[in-house]
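Accompanying notes for the structure given below.
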Amino acid sequence: MPPRAPPPEALENPVTDVCLSCICEASSGCDASLRCNGDVCGMFRITWAYWADAGKPVQQGDAPDSQNAYANCVNEPYCAARTVQGYMRKFGQDCNGDGRIDCFDHAIVHKLGGYNCKNQVPIVYQSKIDECIQRKANEYGVARQ
């Protein structure tokens, strides 16, 4: 019997809100005041290449090819979250080999990129993800996100 396809909403937004909040916490402490610093921007610390791979989401009224579209999007929390969703639609995969694609995998792909997710995750980032997921699981009374 072939595996069942995920429900359409899972393909639309593969990353749960809980997982997005943990990726945000691990990336920057979810500091909404962060702007661009070097080659990363916003509280998810998104690069231009990541944004482009995500499909160049934009704020209303912006064009994907406008000069400020990248910074305008990834410095705004909701557009930045849409960027993460778009990136995971393209690159989401089972990075840790446990047979499912879950928040741990999304967090690894976010940090290491779609082609490097089997590599070693920085321990500080990994521990922040693990701690956040455990805390959220306790708050919501569920085992994993």
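Note: Cβ is positioned from N, Cα and C throughout, glycine not excepted.
Here TrEMBL annotates a disulfide bond for CYS73; of CYS79, CYS95, the partner residue is CYS79.
Of the listed cysteines CYS30, CYS36, TrEMBL assigns the disulfide bond with CYS41 to CYS36.
For CYS103, the disulfide partner named by TrEMBL among CYS19, CYS24 is CYS19. Partner cysteine of CYS24, as given in TrEMBL, is CYS30 (from among CYS30, CYS95, disulfide bond). Recorded residues CYS36 (disulfide bond) and CYS79 (disulfide bond) have their alpha carbons 15 Å apart, per Cα-Cα distance.
When other Cβ atoms within 10 Å of the Cβ of CYS73 (disulfide bond) are tallied across all protein chains shown, the result is 24.
When each of the disulfide-bonded residues CYS24, CYS30, CYS41, CYS79, CYS103 is scored by how many other Cβ atoms sit within 10 Å of its Cβ, CYS30 comes out lowest.
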